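Quick look at what TrEMBL annotates:
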type	residues	note
SIGNAL	1-19	signal peptide
DOMAIN	23-141	domain 'FZ'
DISULFID	Cys104-Cys128	disulfide bond
DOMAIN	159-286	domain 'NTR'
Amino acid sequence: MDLLTVTLALLVLLTPAWGFDMGQSTRCVPIPHQMSVCQDVGYSEMRLPNFLGHSSLEGEVVPRSEDWRPLLQTGCHPHAQAFLCSLIAPICLDTFIQPCRSLCVAVRDSCAPVLACQGHIWPEALDCDRFPAQEDMCLTPHPKHSNSHLAKALPQPACQACPSVEEHPTLKTVLDALCQDDFAVTAKLSRRRRPSGVPEFEVEGRVEFIRQGPLLPYDTQYLLQQWLLINLRCANTLVRPGRAQLYLLTGAVQPEGTLALTRLFPWHKKDHSIAVATRKWKHHKC
């Protein structure tokens with residue numbers, strides 16, 4: 001089952017969420033260790049049934065919480081985990097604490113484009129108008145990062161048309177790419193299947209710069225990883241299952257600050273043109 005299927009299942013799972021009755025009897029239970037998506041949220045006990053109407057930890061809550069993992073892994077919003085866990089693992093207090101409407105809007109505006117990239121709309125069951133507008137009676141997380149202005153200045157991955165994959169390119173093709181694009185890096189990309197059957201994409205090892213451009217060394221591996229998770233349809237086409245494959249990747253940073261990959265060159269041992277082109281570019285530039 002791929003992420004598109006999982007995302008579609010998510011929309012179905014959320015449909016009955018607001019049949020939850022605030023007047024029904026509830027109980028407090030520890031958040032299970034195997035419920036990894038809601039670890040480190042700042043509290044250790046959750047209320048059952050949750051706001052999605054799930055009452056069985058092992059039968060519903062834990063397995064269905066895993067459906068959110070692919071979206072959370074994209075890093076689509078820094079408070080996406082807090083928002084989603086407030087619904088699937090609501091904090092256990094004397095009163096029901098829902099997420100604030102403003103929190104829903106912020107997460108929706110950042111994460112809905114990620115869902116759209118996979119061909120889905122923001123779930124109707126997460127219509128932000130369903131949540132309270134009063135900030136003092138609902139969950140609104142405090143800013144965690146005082147250097148958020150720095151994060152905004154870094155290139156960000158975004159949904160895009162899939163870049164081309166060029167097998168066994170000519171020397172001129174590679175040199176043209178190195179000259180025309182903003183950056184060029186080499187990275188090992190892998191594709192594996194998790195026990196759930198969902199493909200998992202990873203950037204293995206170090207990312208090596210051929211042309212650094214506007215990228216930063218400490219940020220680039222994470223940036224490429226997030227690009228794969230957001231552009232899942234592209235990743236499924238570009239990255240083959242099995243052993244990690246070394247690629248030369250070129251791309252540009254758009255005026256609005258988003259990163260776009262332009263070309264991927266699978267770097268096989270027999271591809272002398274890629275090796276020669278990278279050496280020529282390092283010594284002679286464009």
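Placed from the backbone N, Cα and C atoms, the Cβ positions cover glycine too.
Residues within less than 8 Å, Cβ to Cβ, of Cys104 (disulfide bond) and separated from it by at least 6 positions along the same chain comprise Phe83, Leu126, Cys128, Phe131. The Cβ of Cys128 (disulfide bond) has 18 neighbouring Cβ atoms from other residues within 10 Å, across all protein chains displayed.
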